[in-house]
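In what follows, a structure is listed as structure tokens, so that the remarks can point back to it.
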């Protein structure tokens, strides 16, 4: 016996908010009422009006119209500067001066130990390399200042002594203790710059100081501390010459 063909409407989707199997036009949007739930006193419902139906979340051509994003047109005004406080700019210029002054002190120490009547070539090499490293730090800060749209302002460098003899300690120990105090001072100044960055909510400056300077600084302090301890053990006699030879062949700048 042949069965009459049944008339079945094509499946066109169903609503998640109606009963299961309820036929719905596929061109209509799906209801989001199944997300309207409460947990305790908190409403976790999602309104259909909050769902970006177009998929557009970021509209760059509209957002770049903000006044703070406008490109300056006045002369002598940085085009790159953004979220860079005047206090941060001043702190960087001051740190540049700190690094140059430290370099100047180390260069004077190099000249002293390189004399023909002192002739401690290892100390001379160590302090010359330290001077060059501090100068490189100053140049790195200058480059960062320009990167952020600041203006480099160089301050005067103070005169430094040229004699480092010390009756009780000897010139070698006295000079190395001076270097240790200098590295601690530079570290203190760098931490001050980091505090300025935190106070002005400048994470980029804070990251720059942390990644480029602070870790290296504590390592330098540790190394020179060891040099001071060793020089205290060897005294002012023949041991200084042996220590100088170790610096000449193995030592590196702070």
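If you go along the chain as it appears here, the first residue is 1 and each next one adds 1.
A Cβ is built for glycine as well, from the same backbone N, Cα and C atoms used for every other residue.
Feature annotations, reproduced from Swiss-Prot:
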- 99, 134, 137: Fe cation 1 binding site (BINDING)
- 134, 183, 217: Fe cation 2 binding site (BINDING)
- 82-235: domain 'Ferritin-like diiron' (DOMAIN)
- 49-81: region 'Extension peptide (EP)' (REGION)
- 1-48: transit peptide (TRANSIT)
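Positions of the features from Swiss-Prot, shown on the structure.
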residue : record                   : CB count, 10 Å
99      : Fe cation 1 binding site : 23
134     : Fe cation 1 binding site : 25
137     : Fe cation 1 binding site : 23
183     : Fe cation 2 binding site : 23
217     : Fe cation 2 binding site : 20
Tally of DSSP helical, extended and coil residues in the region 'Extension peptide (EP)' (49-81): 9 helix, 0 strand, 24 coil
Residues within 8 Å of the 99, 134, 137 Cβ centre (excluding the Fe cation 1 site residues themselves): 98, 100, 102, 103, 133, 135, 136, 138, 140, 141, 186
Rounded inter-Cα distance in Å - residue 217 (Fe cation 2 binding site), residue 137 (Fe cation 1 binding site): 11
PLDDT averaged over the residues of the domain 'Ferritin-like diiron' (82-235): 98
